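Working notes, beginning with the structure itself.
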Amino acid sequence: MYTDKGANSDRMEFNTSKEVTVAPTFEDMHLKESLLRGIYAYGYESPSAVQSRAIVQICKGRDTIAQAQSGTGKTATFSISILQVIDTVVRESQALVLSPTRELATQIQSVIMALGDYMNVQCHACIGGTNIGEDIRKLDYGQHVVSGTPGRVADMIRRRHLRTRHIKMLVLDEADELLNRGFREQIYDVYRYLPPATQVVVVSATLPYDVLDMTTKFMTDPVRVLVKRDELTLEGIKQYFIAVEKEEWKFDTLCDLYDTLTITQAVIFCNTRRKVDWLTDKMREANFTVSSMHGEMPQKERDSIMQDFRQGNSRVLISTDVWARGIDVQQVSLVINYDLPTNRENYIHRIGRSGRFGRKGVAINFVTSDDVRILRDIELYYSTQIDEMPMNVADLLS
């Protein structure tokens, strides 16, 4: 392993396998002409640090572990790689992407469709909470790429509507969450149905040691493109805490903050569905315009809320961690942790909502006396310092 500071690394230090070279431009990756057109039409000019290292390795067929910060183009890293290796003449599933949430799976589908705009690519989002008949119809028609959640994908494979014999690549996005206890068995279920030579790509902002250890079960001699853990807290995101003496005082603190700030768009995180519903009602009673989302809402409702937020029709979204991983809304300038996350690794996914692709952002954590230990644990884990919020926080967001 060695530390590498190559093209577009923006001072991020990668602990990367020695054979990994840096491709400074997309042309240097020798991609299909139609794919290059899609990349430039999507708005990319040059590859990010993780893209310049990982895409070529994945396209060579190597099993790959790619770890980089939220907002650095991880989704495009594997999407471009998939589009390079599939054969669109063959209308069979050739790549499978598994994600922990329905929203993320749908977003990945839209990125693949956009990047593959000049390639006539078929990509279907195979997710729970949707009409199973639509899945069957789309899969029977033939999809080059399937982006889905583990439960529905496993179900479609078992029913033989998702045919796996042509699959050459499996991507596990947000792998730490996927491989947590909830999804582990479903991942193994899916993996058992894939051809033995299937290439595996693991992508995430955080890769705890136990996850890296577990990847040995289904990866062969993987190439690593890794960023050191203590580099993971996002550059460009200012982190603060507000000491709140009692839980009951958090709401007044939030209202005061809301009155003080001019917010483009903000996300407020709570730890439970019940808290999300309660806070949404309280904010509306106080005449604030907010929308909310959690995992137990019907999928159609979640889609509609996401659409409104993406289009800027709603400025503040209150959510559980279902929203914390990989959802890309460019205008988010502020994240408020109304509750500190119970899992310290979700902290980086939450605050990664603001300041994406080098934009500036602010993360504010509400901390009761019970939370001080959790805050210190987060600081230690990410080798970062979270300061008390200054009086002039409004200037930081302007």
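Every residue gets a Cβ built from N, Cα and C, even glycine.
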Remark   = Range annotated motif 'DEAD box' in Swiss-Prot (choices 173-176, 181-184, 369-372) is 173-176
Request  = Choose the correct range: of 24-52, 82-110, 227-255, 256-284, which one does Swiss-Prot annotate as motif 'Q motif'? Give that range.
outcome  = 24-52
Request  = Summarise the motif 'Q motif' (24-52) by DSSP state, stating how many residues are helix, strand and coil.
outcome  = 16 helix, 0 strand, 13 coil
Request  = Check GLY73 (ATP binding site) against DSSP and tell me helix, strand or coil, would you?
outcome  = coil
Query = What counts of helix, strand and coil residues does DSSP assign across the motif 'DEAD box' (173-176)?
reply = 2 helix, 1 strand, 1 coil
